[in-house]
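The disulfide bond annotation in Swiss-Prot covers 189-265. Per Swiss-Prot, the feature domain 'Fe/B12 periplasmic-binding' maps to 24-276; the stated evidence is sequence analysis. Annotation source Swiss-Prot lists signal peptide at 1-20. According to Swiss-Prot, the feature site 'Important for BtuC binding' maps to 73, 208, an assignment based on sequence analysis.
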């Protein structure tokens with residue numbers, strides 16, 4: 001009798017655990033979509049936001065949110081049992097309305113590089129494949145650690161940090177402060193963000209402000225074909241190397257920030273070895 005009871009109880013617990021895993025997940029931001037796939041939740045996703053284009057299979061899913069807002073009616077019709085949201089990018093009122101319908105909401109709001117693996121481990125509790133989430137988190141931590149170790153070696157060699165301007169747009173001209181993931185990547189690579197002291201995360205700056213701070217390199221998002229236009233924008237007052245980084249990697253607070261960090265660190269390391277970088 002005891003053996004049968006234990007078998008029945010074990011089966012019940014397994015069924016309950018399986019039932020607790022959400023089966024109909026909606027992502028309301030591109031980086032949240034990437035996080036979900038990295039955490040092994042791809043087969044649980046039923047809808048995503050606009051610009052959710054990675055991995056490629058995400059483009060096949062219905063889109064229920066964009067920069068214009070959230071399609072609340074459609075989301076409710078899809079009957080999700082979990083929503084992945086972003087406080088800074090999603091309007092709060094429809095999220096509050098969704099919460100009123102007792103739909104669980106997980107916010108993915110990474111502020112630091114350490115938050116990325118932490119978020120992956122958080123998603124592991126909702127994933128059919130939690131081991132995949134753990135692998136992704138561990139891999140991210142290990143490779144970020146390798147970049148950090150390389151930076152420490154540069155510091156030990158008394159290599160002065162390059163002064164870097166992180167550029168977004170031209171008219172208006174924006175940059176990022178130390179409160180952003182983008183600036184943290186620059187620091188990880190052993191460089192100095194010239195606007196790290198800004199009191200707002202995404203300050204609008206003038207051409208004159210940038211020139212006064214004398215950057216030794218500029219980082220922009222996009223392909224290498226943007227380099228010539230960026231250099232032309234700053235000449236003749238400023239003639240420094242322009243580094244490009246994949247825009248999606250650099251702008252989304254997801255696992256591919258690691259790729260952005262590797263790309264930037266590699267290019268900055270080359271600049272440090274160049275004689276012109278020692279100005």
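Every residue number used here counts from 1 along the chain in the order it is shown.
Cβ coordinates are placed from backbone N, Cα and C, and glycine is handled just like the others.
Feature map: Swiss-Prot annotations on the structure.
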{"residue": "73", "record": "site 'Important for BtuC binding'", "DSSP class": "helix"}
{"residue": "189", "record": "disulfide bond", "DSSP class": "coil"}
{"residue": "208", "record": "site 'Important for BtuC binding'", "DSSP class": "helix"}
{"residue": "265", "record": "disulfide bond", "DSSP class": "helix"}
One should report the C-alpha separation between residue 73 (site 'Important for BtuC binding') and residue 265 (disulfide bond), rounded to whole angstrom, as 45
Using a 10 Å radius on the Cβ of residue 189 (disulfide bond), the other Cβ atoms enclosed count 26
Within 10 angstroms of the C-beta of residue 73 (site 'Important for BtuC binding'), the count of other C-beta atoms across all shown chains comes to 8
Checking the recorded positions 208, 265 for other Cβ atoms within 10 Å of each Cβ, the smallest tally belongs to 208
